[in-house]
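*Asks:* Annotated active site, nucleophile per TrEMBL: Cys94, in sequence order. Per TrEMBL, the feature active site maps to His194. Annotation source TrEMBL lists substrate binding site at Arg128. Under the heading domain 'CobB/CobQ-like glutamine amidotransferase', TrEMBL lists 7-201.
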Amino acid sequence: MSESTLRIGLVLPDVMGTYGDGGNALVLKRRAIMRGIDAEVVHITLDDPVPDSLDVYTLGGAEDYAQRLATRHLTRYPGLQQAAAAGRPVLAICAAIQVLGHWYETSAGERVDGISLFDLTTAPQEKRSIGELVTEPTLAALTQPLTGFENHRGGTTLGSDAKPLGRVKHGVGNGVGDGTEGVVQGSALGTYMHGPALARNPELADHLLATAMGVESLAPLDLPEVSRLRKERLAAGRRR
Ligand code: GLN
């Protein structure tokens with residue numbers, strides 16, 4: 001590893017990483033390397049303290065018990081909170097949005113305190129939301145629809161410091177009836193999209209990379225297989 005290596009934190013893949021969410025870290029690494037930028041994925045497990053010095057962080061989804069173990073670990077080692085406060089980009093998928101909020105209620109109705117990195121709360125909804133999800137992004141840096149696969153029972157209510165990542169076109173999203181999906185707060189983003197989200201949404205991947213590198217934007221990469229995946233998944237969303 002050299003001084004200039006981009007360090008991508010995959011946070012708690014041992015407990016959070018349903019539906020291949022760990023792939024988001026691999027997509028970031030690959031897209032950096034394709035541009036001639038040296039990059040490595042740093043696995044942070046329940047055995048490790050959470051460093052605050054990495055360039056970008058990703059966290060995946062999980063079910064109730066795993067979510068609780070992750071919450072406890074992130075509370076004990078607040079490196080992620082410190083990194084986000086310093087403006088480092090963070091991508092939180094599904095259960096990770098909930099863990100990063102003020103509190104979430106488990107499917108058994110028990111309230112668990114989160115780490116308050118996001119101004120939001122989550123409570124279970126009557127019906128589980130499962131299926132293709134398509135949104136119109138709200139971030140100025142993103143011009144293309146976002147696509148992913150959602151599977152969650154939690155419904156997330158955003159507070160005034162948190163903005164949605166997108167407006168729902170197909171699917172459910174945050175699930176509290178306001179048409180919002182995901183969250184943006186400072187340099188941290190969250191989405192209910194699995195898939196993994198960054199394989200399906202290269203623009204979002206490059207936005208995180210650009211933020212990590214401290215540049216305004218990156219020239220797009222022309223990858224026909226990624227364009228084909230997007231086309232297929234967006235069509236599947238429309239068929240819902
Ligand atoms: N257990 C959470 C919910 O159902 C998150 C699920 C997930 O990450 N897929 O809301």
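Every residue gets a Cβ built from N, Cα and C, even glycine.
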*Asks:* Does anything in the same chain, at least 6 positions from the residue listed as 'substrate binding site', have a Cβ under 8 Å from its Cβ, and if so what?
*Replies:* Asn151, His152, Arg153
*Asks:* Could you tell me the C-alpha distance between Cys94 (active site, nucleophile) and His194 (active site) in angstrom, no decimals?
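*Replies:* So the alpha carbons of Cys94 (active site, nucleophile) and His194 (active site) sit roughly 8 Å from each other.
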*Asks:* Sort out the sequence-distant neighbours of His194 (active site) for me: same chain, 6+ apart, CB within less than 8 Å of its CB, listed by position.
*Replies:* Thr18, Tyr19, Gly20, Asp21, Gly60, Gly61, Ile93, Cys94, Gly148, Phe149, Glu150, Asn151
*Asks:* Counting across all protein chains shown, how many other Cβ atoms sit within 10 Å of the Cβ of the residue listed as 'active site, nucleophile'?
*Replies:* 30
*Asks:* According to DSSP, which kind of secondary structure is His194 (active site) found in, if we only use helix, strand and coil?
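*Replies:* Once the DSSP labels are grouped into three classes, His194 (active site) ends up as strand.
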